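Peer 1: Quick one: the structure is below, questions incoming.
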Amino acid sequence: MTRADEPRAERSAAAPAGGDRPIGAHGALHRMGLLQPDATDPADQPPRRPAVERAQFWTRTLRGWDVAFYVMIAIACASFLFDGHDPAATTVSFGAMALLATAYTVIGRRAALRGDGRLAHAYLAVLVVVVVLVVRLEPMGTLLLFIAYSQIWFFCQRRTTAAAIALVLAVGASVAMGLRGWADRAQWVEIAGQMGIGLMFSVLLGLWITQIAEQSEERAGLIERLEAAQAALAATNHAAGVLAERERLAQEIHDTLAQGFTSVVMLAQAAGAELDRGAVDATRGRVEQIEDVARENLAEARALVAAFGPAGLQQQGLRDALTRLAERFSAETGVQVDVDLGQEAPLSRDTEVVLLRGAQEALANVRKHADARRVRLRLGADDGSVELEVHDDGRGMPPEVSRGVGLRGMHERVRAGGGTLDVGTAPGGGTRVLVRMPAAADGGGGGGAVGGGAVGGDAAGGPGVGGEGEGDTGAGSASAVAPTSRPGGAP
């Protein structure tokens with residue numbers, strides 16, 4: 001992994017401290033990722049910002065530096081022409097200015113765009129030599145100090161380096177001015193004072209601008225970290241949403257389609273056994289049941305695709321759905337189901353779905369595991385809550401059933417709806433499933449009631465058998481087997 005791939009915090013910790021820190025507009029922008037670093041300069045790296053954004057920003061910035069540089073060169077050259085004290089010196093000065101302009105165009109701009117420290121130092125060396133030479137030859141050469149000091153602080157990436165180069169330039173320019181003919185002591189003092197003031201102003205201004213740039217860098221880093229945190233949070237929320245939706249679909253498929261397919265298989269097996277015995281009428285009845293289950297499974301599949309609830313929610317209420325579920329279960333398994341629907345109570349659509357799915361799951365487990373001969377299905381309302389109880393007279397709940405997918409899904413449904421689920425072996429024998437849910441309607445969805453809500457339909461009478469090889473896969477309402485008398489002794 002390259003340094004450009006490291007987190008910003010690690011890069012900041014690895015950066016030099018104190019006087020060795022990158023400085024200046026160039027250094028700060030370089031660390032902020034607005035300049036592309038060179039592979040040989042490990043001190044700074046760009047953050048994870050779009051390359052187009054960096055390029056656009058730097059294009060605008062560099063254009064301003066270009067204009068300032070070339071305008072200052074033009075002003076200096078014009079001043080040399082108007083002064084014209086020494087044609088030979090003016091000619092040399094023009095040559096030096098041409099060299100400086102070429103060095104900036106070929107080396108300086110490339111160093112800025114690439115963030116190449118070596119190219120930047122090479123250009124600054126040319127800058128110092130040319131400025132000192134022009135100051136020695138031309139009285140107006142000091143105009144170049146304005147652009148020179150600015151470029152030193154822009155190109156240098158460290159405070160110590162920038163201050164050292166600025167000092168070298170100030171001393172060189174002072175000596176050049178003194179050698180131009182101002183030889184007396186008073187003039188040397190005046191030159192030194194002027195250059196000292198200029199140097200001090202340059203250093204203070206450079207440090208001030210650097211401080212501002214570094215504060216901007218810190219803010220940019222904070223923004224980047226906040227954006228990263230927001231992106232991570234959004235990704236986490238998205239992943240959680242995907243997982244929740246996946247679990248919801250898995251439970252819906254388990255409660256509907258999987259049970260329906262199992263019902264079709266078991267009904268087909270029963271039909272085959274009856275056909276072998278020559279019971280044509282019974283076989284025809286099983287085929288009709290297979291057709292009914294297949295149609296209901298198709299309706300459930302369409303409801304899942306359309307993100308609806310149970311397929312028949314708009315056609316029949318919870319009372320009818322539970323009645324149909326019990327009748328179909330009894331017809332297919334030979335187990336007697338006593339239905340007690342109790343008094344009505346207002347229920348929300350979600351609550352009705354939870355109760356319906358709970359009844360489907362409980363009866364499916366009776367079919368697969370209980371070996372029962374009688375089941376009691378009770379729905380009643382009391383003290384602001386509604387209860388669904390399924391109690392069989394079978395052999396009790398096997399341990400593996402409590403760990404199966406169906407009961408886990410039932411627990412999740414009931415808990416999500418604000419209710420409670422109690423599953424266990426009843427004192428008198430058999431298994432008892434008790435679902436307790438809040439009875440108050442939320443005003444949405446089906447707006448039904450116990451015995452009168454708009455829930456049920458195909459979900460109620462639909463697929464309802466536990467999948468083969470799974471401990472408690474029951475949830476659909478249509479079941480599977482058995483001629484009228486539970487073939488093979490299966491419940």
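Backbone N, Cα and C define each Cβ position, glycine as well.
Just so you know, TrEMBL annotations are computer predictions that nobody has curated.
Keep in mind the model is a prediction, meaning the values are calculated, not measured.
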Peer 1: State the residue range annotated as region 'Disordered' by TrEMBL; the candidates are 1-24, 385-408, 409-432.
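Peer 2: Within the set 1-24, 385-408, 409-432, TrEMBL attaches region 'Disordered' to 1-24.
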Peer 1: Please identify the stretch among 64-82, 88-107, 119-149, 191-209 with the greatest number of Cβ pairs below 8 Å relative to the transmembrane segment (161-179).
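Peer 2: Looking only at 64-82, 88-107, 119-149, 191-209, the most contacts with the transmembrane segment (161-179) come from 119-149.
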Peer 1: Kindly state the mean pLDDT of the domain 'Histidine kinase' (248-441) in the predicted structure.
Peer 2: 81
Peer 1: Who are the long-range neighbours of the transmembrane segment (64-82) in its own chain, taking Cβ under 8 Å and residues 6 or more past its ends?
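Peer 2: Residues 90, 93-94, 97, 100-101, 104, 109, 112, 134, 138, 140-141, 143-144, 146-147, 150-151, 154.
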